[in-house]
Amino acid sequence: MAAGLLSAVAGGAAAENRPAKELFGGMKLPARAAPSPYGSYAKGCIAGAVAIPSDGPNWQAMRPSRNRRWGHPQMISLIERLSKDAPSVGWPGILIGDISQPRGGPMLNGHASHQIGLDADIWLTPMPDRRMSAKEREDLPFTTMLKENKFLTVNDKVWTLAHARLIMLAASYPQVERVFVNPAIKKKLCDTWTGDRTALGKVRPIYGHDAHFHIRIKCPQGASGCKPQAAVPPGDGCDKSLAWWFTAEPWAKPKKDPNAPPPKPPRPTQLSDLPKACAVVLQAPAAESEMAATYGGGAPISALTAAPAIPNGAVPALAAQMPELPDVVPIPLARPAGY
Ligand SMILES: [Zn+2]
């Protein structure tokens with residue numbers, strides 16, 4: 001298994017210089033350990049992630065080839081809860097988009113966040129009343145909630161009260177810290193939501209997010225390696241911070257100095273940029289199988305959480321126990337030929 005892990009991690013002589021997104025993007029299974037997020041939503045990783053099954057009574061997971069059905073068990077059970085509660089707000093079931101990679105971390109494409117198993121995308125398309133094939137789940141196009149030819153305006157031909165109620169339901173759970181939606185959708189909620197507005201402040205405007213919304217949960221209690229985000233400001237958020245999105249500023253192209261040299265492409269995140277624990281997570285033994293690490297499928301969650309934890313606050317101590325842990329944590333190279 002170790003050799004398999006090494007070859008999965010490596011695969012090239014220059015493995016140690018490979019961007020973190022290639023290392024984490026190549027992992028097929030989670031690290032077998034107690035569930036632990038390390039780092040922040042946009043710079044970190046997760047040990048002991050579990051997968052949500054592709055199908056549940058009220059959900060279907062989309063884009064199966066991406067292998068991003070993995071998350072912290074609290075994220076996975078929150079999604080299950082949302083799927084169960086959805087029919088009560090007139091939404092038949094949910095289509096689940098990306099959660100995280102098996103060990104989290106940066107991704108080869110898409111998302112800056114989704115790195116520690118505490119973010120999940122839910123489509124703004126209701127689940128159809130039949131099971132879609134794997135191919136349909138790959139190919140089903142997104143449906144934007146916006147008018148094609150009008151600046152930041154929700155299209156009332158596709159937007160319904162059930163959309164609003166699903167987003168507000170997601171925001172209502174105490175463990176949900178933020179729900180990201182397009183600014184036009186936030187404005188729509190501000191203008192039309194007549195129910196309890198307590199949770200509306202958690203719904204945050206952001207670029208994109210016009211065909212799906214994004215649920216972010218808090219750092220789980222006791223997860224000392226998880227770096228929390230600042231709390232959302234008080235109030236419903238239907239204020240200046242929203243009005244700003246309707247000005248030219250967020251959409252203006254950055255001004256270019258014609259005499260400036262072309263900008264250098266940004267340096268991709270390296271493993272050494274992530275919390276030290278992420279090098280351990282990357283090299284940890286894999287879960288037995290995808291099935292064994294799937295929520296409710298094969299192994300009970302309790303069996304997974306009973307696995308030994310990767311020490312958390314104790315990561316520096318763990319590093320001290322290793323014979324030598326240089327600043328740049330070495331990545332195993334490819335297996336020698338003929339081995
Ligand atoms: Zn997202």
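Positions of Cβ are set from backbone N, Cα and C atoms, glycine also.
Of the cysteines Cys45, Cys190, only one is given by TrEMBL as the disulfide partner of Cys238: Cys190. DSSP classifies Cys190 (disulfide bond) as helix under the three-state reduction. On the backbone, the CA of Cys219 (disulfide bond) and the CA of Cys238 (disulfide bond) stand 26 Å apart.
DSSP assigns Cys226 (disulfide bond) to a strand. Every protein chain shown contributes to the tally, and the Cβ of Cys219 (disulfide bond) ends up with 21 other Cβ atoms within 10 Å.
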